[in-house]
């Protein structure tokens, strides 16, 4: 270190040079390249919605169903696209297409009678645009199959025993000597009405058949029309199983099914319907409808529950709702059940109480609101509340009993049997007597009593002041008279002298003379072949004439069918 310090021109504390010396490129070695090349990522795309390209199909830009879109509408055309338009009418929102046989709707059977007051989405047609070459499914079209699959319809069924072909039923059934013919109208396609043995032949194989069309809370929807025709392609009868809200009014569902499809309902059990396609049905000439690509939003309808319903003030309505909280429901509706007898149950309940409540635990709010709207029209009644998943109804001021006017009877409170005289019924004409109490009988019970009196099954005692002996004498006299009327009948004598049968009369107490054998028996005792049922053997009257037994009717029917 002292030697280094003694060298001239050397300063150990001096700073490093500002410009470092340049490396000699000739003598330096190049740096090795990385073994894996660095990937070059594309620049991130802008997520600004303003730069996004709008989609061409308006169906894909419909707002969300839970949006606050509300547009008031009035009756008439609300949107047009050439010959295609959206209409608001008595049946709600419908869609009119050129050449269509009727105005299309999403649901034909579950449309309220009230006109909609607003819509929840823009008025677009839920069908594919006419410029689209095929129905939009969200996927690319499949490649054409290399296999040449033969197509068969009901008029050209495949030969028996052909492999690779599903079962296709022939048209018909036809009477002997008749053949299928092309038909355009509904009457021509249906052909002659089916006979009972034909209906039994068509329905019996489908009783345990699991291929069916399920009709749910939306009722008969538009796309079900094409589904029913696809069932008719291979079978003559389509099985439709109805559950839920539409089963409250099954007549309305069956009417719309027959009108829209053109078929005929040949059998109906509860919520199961069997729809016949017709004797001359041809799948190739069937009516073809466009398929709805999405479910339109339900329009806004007027409210069902009002603070002061028709015929009531707000105070009276609140009092009814308060009483309804402690009222027991007449029934509990199961989810996806069959409610075919609900209207009758509500009408019978109104005979006993002005308020009726139905328990709807577990049902969707939209379901029991639709049920309430149907009951309001069918019963009819006034809806009061949907609280606590229960339907509370009032029968209204204009309600009329199904059994006529109710009558009141006087029932004695106490009876002195030991004295033989009913002291409390002496003044039966005076309703204000403290010994008598007015009891209003049920209209149904009064109807049954009236029917029993008219048929001599019961006795109306005009005199209420009867002792036990007098009452017993009256009852014994009436019993003997009723037995004589019930068991008295004319005698039929068959003479075989000349090989012919003749009728003679037998004299009896209170009897009458009859020359004709058919006059002995009423029309109710003779079994008609049209109304005959196989399960009616237990109900046969033993006093029917010769040749009218069920066995004779079956033999006669088989003899007639074999001709």
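Placed from the backbone N, Cα and C atoms, the Cβ positions cover glycine too.
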Region 'Disordered' per TrEMBL - which of 149-178, 179-208, 209-238: 149-178
Of 447-495, 496-544, the range TrEMBL labels region 'Disordered': 496-544
Intrachain neighbours beyond the region 'Disordered' (149-178), with Cβ under 8 angstroms and 6 or more residues off its ends: 191-192, 198, 201-202, 232-236, 277, 279-284
Integer mean pLDDT for the domain 'CRM' (192-288): 93
Residues in the region 'Disordered' (149-178) grouped by DSSP into helix, strand and remaining coil: 0 helix, 0 strand, 30 coil
